[in-house]
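Worksheet: the structure to be examined is printed underneath.
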Amino acid sequence: MIKISKKDYVNMYGPTTNDRVRLADTDLILRVEKDYTLYGEEVKFGGGKNIRDGMAQSVSEGDFPDLVLTNALIVDYTGIYKADIGIKNGYIVGIGKAGNPDIQDGVDPSLIIGTNTDIIGAEGLIVTAGGIDTHIHFISPTQIECALYSGVTTMIGGGIGPSEGTNATTCTSGAYHIHSMLKATQNYPMNFGFLGKGNSSNKNALKEQIIAGACGLKIHEDWGATSSVIDASLNIADEMDIQVAIHTDTLNEAGFVEDTIKAINGRVIHTFHTEGAGGGHAPDIIKMAGFENVLPASTNPTMPFTKNTIDEHLDMLMVCHHLDNKIKEDVEFADSRIRPETIAAEDKLHDMGVFSIMSSDSQAMGRVGEVILRTWQSADKCKKEFGALKEDNDLDDNFRIKRYIAKYTINPAIAHGIDSYVGSIEVGKFADLVLWQPKFFGVKPKLILKGGLIVGAKIGDANASIPTPEPIIYEKMFGANLNENALHFVSKASLDANIPEKLSLKRKCVAVKNCRNITKKDLKFNDKVQDIEVNPQTYEVKINGELISSKSVDSLALARKYFMI
């Protein structure tokens, strides 16, 4: 039997079972749980390699994959493992062992490599599902490219451009604006979903927006987050199977957090920036993260907690919410939202799996290109501060890695009823995939695929003789010029009303579903329900009498060494 050294094997095919990989410059170590590629039968493209006619490429005709990613190290809530990934017509059709069953053992019938199959060599690369950002203020279309090149492939939120309403609230108000945004975004290489304005006690006004194509409703305090609009929006949501997102009442004008909880009345709801610096009942909105019917999210400016977090928030808040620093009441409003104690608790609650989702709050107290970056910075900070999770050991951080990747992939997908389409690497799902070199994981992807087509990549000088000479910058690829490799997420009611046809939309529209029959217990690796207490004088956060807090830090992983400053 021919043998190969471990070093040579890893250089040729990437890591295998029980090998460990460090994620960029963090202290997070993953361990490969399983390798499906079958030793001695691995497939690889290139000079002197085996993906050739009659070898690992079948000579037969058949309905074979359009694209196979070979020897991919998959990091997903479903596991951390190595496999080949097959894509056909934009969807994942197989995960396992690819090749030619005429001469190779163990080949998955859905992963037969044929003449029509192209190859992406994923040896030594990490593959994740595309990120999902559910807190987008659609202030500028330039956000889309910024998010895409960070590894985000789905954007859900509201807005129409830099209006005062959009700058402050994630609402696309009314049928006219919803139709306009569905049309305006159909040629971008990104999945979109738009939230209608939920701030109305008029059920017909809410219903009109859902029929127009909104995938959900957003309630925001700047429009008045009263008990009546909360109840009305949730009634319509239950009737039409859409999600409601909420930014609650910082000033407690219409009631306190207990009144909002009462108005919600046990119905499922997605709470934005549940810590409160981004907005919400002062000082105790964070209590809502502990309820089973609440799907709690953070926005990224407060994550992770650093020495600069508090200082930068005041100016951000004044701009985003149309406040004036010459007006005393406006300054006091801003100050009430920024509490070091609850911000310090947020990191720990994420690490415990109490907070479930990470998002951006793009250009409205959030950074659209840093959802993934800050998720992994937070995971690393928490490992350094709190040590290994009890579910992990001293050798790897697989449980923590699954917990944190779920926060921006499968959990936001579940929350908004799109998990049957996107959010994980599973057969039958849309092939929105991101490829990373381990040394750049979480910071700078190597390739971004939408619907199985390459839409973005780090690429070198176009006039160079090879694709790698500097300057290496992100560029749109050919797949970015299509519209069939991206989705619009809309309501079923809008499909029943033939809205895509009436608007002559070019891209595929699919319905959100199962938004109302879920709870926090359905969220992956982040399903903890706790009784959270907030001291009204000191703002300290406790669970079962234990102080929940974390330290602000002076430095982070995935920071300056990766960026030109």
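Quick reminder: no glycine exception, Cβ is built from N, Cα and C everywhere.
Residues annotated as domain 'Urease' in Swiss-Prot, with sequence analysis given as evidence: 130-565. Annotation source Swiss-Prot lists Ni(2+) 1 binding site at His135, His137, Lys218, Asp361, citing sequence analysis. If you look up Swiss-Prot, you'll see Lys218, His247, His273 marked as Ni(2+) 2 binding site. Positions annotated as N6-carboxylysine by Swiss-Prot: Lys218. Among the features that Swiss-Prot reports, substrate binding site is placed at His220, with the record citing sequence analysis. The active site, proton donor annotation in Swiss-Prot covers His321.
DSSP gives His273 (Ni(2+) 2 binding site) a coil state; it is part of no helix or strand. Lys218 (Ni(2+) 1 binding site): 30 other CB atoms within 10 A of its CB, across all protein chains.
Sequence-ordered, the extra residues of this chain that approach the Ni(2+) 1 site, with Cβ no more than 8 Å from the Cβ center of His135, His137, Lys218, Asp361, are Ile136, Gly157, Gly158, Thr169, Thr170, Ala245, His247, Phe272, Thr299, Ser359, Ser360, Ser362, Ala364, Gly366. Listed in sequence order, the residues His135, Thr169, Thr170, Ile219, His220, Ala245, Ile246, Thr248, Thr271, Phe272, Gly278, Gly279, Gly280 complete the 8 Å Cβ shell around the Ni(2+) 2 site centroid, once Lys218, His247, His273 themselves are left out.
Listed in sequence order, the binding-site residues from His137, Lys218, Asp361 having a Cα within 10 Å of the Cα of His247 (Ni(2+) 2 binding site) are Lys218. Between the C-alpha atoms of Asp361 (Ni(2+) 1 binding site) and His273 (Ni(2+) 2 binding site), the distance comes to 9 Å.
Mean model confidence of the domain 'Urease' (130-565) amounts to 95 (pLDDT, 0 to 100 scale). The Cα atom of His273 (Ni(2+) 2 binding site) lies nearest to that of His135, taking the binding-site residues His135, His137, Lys218, His220 as the candidates. Among the listed binding-site residues, namely His135, His137, His220, His247, His273, the Cβ with the most fellow Cβ atoms inside 10 Å is that of His135.
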